[in-house]
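Just below is one structure, and these are the notes that go with it.
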Amino acid sequence: MASNALSSFTAANPALSPKPLLPHGSASPSVSLGFSRKVGGGRAVVVAAATVDTNNMPMTGVVFQPFEEVKKADLAIPITSHASLARQRFADASEAVINEQINVEYNVSYVYHSMYAYFDRDNVAMKGLAKFFKESSEEERGHAEKFMEYQNQRGGRVKLHPIVSPISEFEHAEKGDALYAMELALSLEKLTNEKLLNVHKVASENNDPQLADFVESEFLGEQIEAIKKISDYITQLRMIGKGHGVWHFDQMLLN
């Protein structure tokens, strides 16, 4: 009955005659036919659908075989307890330069903390500058912690290096302590920027786009903003000299 219906339907519609699904001579998979009768607009239409059982057909054109790919040596999972499971495409040079940058950030933070302590003295009493350098110290320490977290994410090992003891006096007979400290801060920010660019360079040399992206997105833009802000402060301090204007500048930072 179904065969007669299909023959009648294709005879009346030669353009819809079924085409061979496989090239001549190929193994024939099992084909099942389904028919349905739809009524609409005063017409009855027989719809035929064919499905091919491909269970017995060879798979061709496979481009990704996960169970074979994971057997590659660089994807092997370490079995020793001291080895990182997360580490992948993370060069020793990248690990080392991150530890160096952690040390840079902590050293700069330490200098800023010394500046904060100086300007917070009762015989200096520049609360605005003290606030600015305390916030700067906390920011640099936060940068060090970001690098430590990233080191752990990539499977590296954080190694903290010694921190140099900073100076504690910032008096300067010619410039005054505010301008002298701010110029020192600008030098530190430019030095930090150079060190960050070196981290980015090492990442590029070792084909590590993830480390390069981390430095770009988290630090480089922020660093040039800090350089511009401190440069503006230096220009203002140079204009007002060592007199009463320094107090007004300090109040501006405080408020």
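Glycine residues also receive a Cβ, built from the backbone N, Cα and C atoms like all the rest.
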| Since Swiss-Prot lists GLU140, GLN223 for Fe cation 2, which candidate among GLU171, GLU174, GLU183, GLU189 does it give for that site as well? | GLU189
| Which of GLU100, GLU105, GLU169 does Swiss-Prot put in the same Fe cation 1 site as GLU140, HIS143? | GLU105
| field | Residues flanking the Fe cation 1 site, with Cβ no more than 8 Å from the Cβ centroid of GLU105, GLU140, HIS143 and excluding those residues themselves | value | VAL104, TYR106, VAL108, SER109, GLU139, ARG141, GLY142, ALA144, LYS146, PHE147, THR192
| GLN223 (Fe cation 2 binding site), number of other Cβ atoms within 10 Å | 20
| query | Rounded to the nearest angstrom, how far is the Cα of GLU189 (Fe cation 2 binding site) from the Cα of GLU140 (Fe cation 1 binding site)? | reply | 10
| request: Would you mind reading off the Cα separation of GLN223 (Fe cation 2 binding site) from HIS143 (Fe cation 1 binding site), to the nearest angstrom? | output: 11
